[in-house]
Amino acid sequence: MSTAPPSAPTLIIVSGLSGSGKSVALKTFEDQDYYCSDNLPINLLPDFVRSLLANHDGSAPRRLAVGIDVRGQSNLSQLGNWRQLATDAGVEVEVLFFEASDEAVLKRYADTRRRHPLSQLGLSLPEAIARERELTAPLRREADAVIDTSTLNVHQLRRRIITEFALDHATRLSLLFESFAYKRGVPAEADFVFDARVLPNPHWDPDLRALSGREPGVRDYLEAQPDVQHYLAQLTDFLDTWLPKLGDGTRSYVTVAFGCTGGKHRSVFLAERMARHAREMGWEDVATYHREQD
């Protein structure tokens, strides 16, 4: 490990075998607010770091993650030298190497039907894997941590990265509470969908028809309905039970959608009410979106 001060910028170099989970690792770091770049030529590493850190106005990223693979690289053995240059520039550098058994890599390529980066050399898949192990040996020797992903699925790998590298924002889950009108379709991005059409409809009250579910008159009307109170109690219990289980680091965003006929009264009321409840329960990153109104 380098001796840079704790306040120094951080650079994570992600290397390893194709099919071992490097892309998952980079996406995990990106979700934790790292500035990420994939497939960077290794000889450009010092200039890349210097250019990013050249801004002295506070806009330069302090946490970087760079993916390196074997394509077009003839000088992987120089990683140690370029790493030292970055360290001398005041950057805290850590090299991660991801690998997996031949059997695991073969199965992953069979499942995804993607081509191995070295297949362009006319090698069979087993030959390409063996050749890549030889080419990446210098990276493996330089690694601060070697992570074998043979028995890990995507979610397990993401959780391991977050846990082992103590990422600052590991527990932050972004919650979006959205309202919509069923007549325009269910939002494709929704993780949970709740139907508010079973509740009393303020539309049939002439004094409330022109208002939205964000306004006091509609809120008072709905809160006075026993069915609404029962619905809220069950809804709150459900979300309080299951949202924390999604905040274990395997997810970054969750959208909870509420639908009614016009997307104006009941669905808006529920989205606003549950967003308020989420903030009261300690969730920090909470937003609302009213599709038919915003």
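Glycine is no exception: its Cβ is also placed from the backbone N, Cα and C atoms.
Features as listed in Swiss-Prot:
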type	residues	note
BINDING	Gly16, Leu17, Ser18, Gly19, Ser20, Gly21, Lys22, Ser23	ATP binding site
BINDING	Asp69, Val70, Arg71, Gly72	GTP binding site
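Proximity to Val70 (GTP binding site), defined by a C-alpha to C-alpha distance within 10 angstroms, is shown by the following binding-site residues from Gly16, Leu17, Ser18, Gly21, Ser23: Gly16, Leu17, Ser18. Listed in chain order, the extra residues whose Cβ falls within 8 Å of the Cβ center of the ATP site residues Gly16, Leu17, Ser18, Gly19, Ser20, Gly21, Lys22, Ser23 are Phe98, Glu99, Ala100, Val105, Thr149. Proximity note: of the listed binding-site residues (Gly16, Leu17, Ser18, Ser20, Lys22, Ser23), Gly16, Leu17, Ser18, Lys22 have a CA within 10 Å of the CA of Asp69 (GTP binding site), given in sequence order. Cβ neighbour density within 10 Å is lowest for Ser23 among the binding-site residues Ser18, Ser20, Ser23. Taken residue by residue with DSSP, Ser23 (ATP binding site) is part of a helix. Neighbour density around each Cβ, counted as other Cβ atoms within 10 Å, peaks among the binding-site residues Leu17, Val70 at Leu17. Around Gly21 (ATP binding site), the C-beta neighbours below 8 angstroms that are at least 6 residues distant in the chain are Phe98, Ala100, Ile147, Thr149, Leu152, Val154, Leu157.
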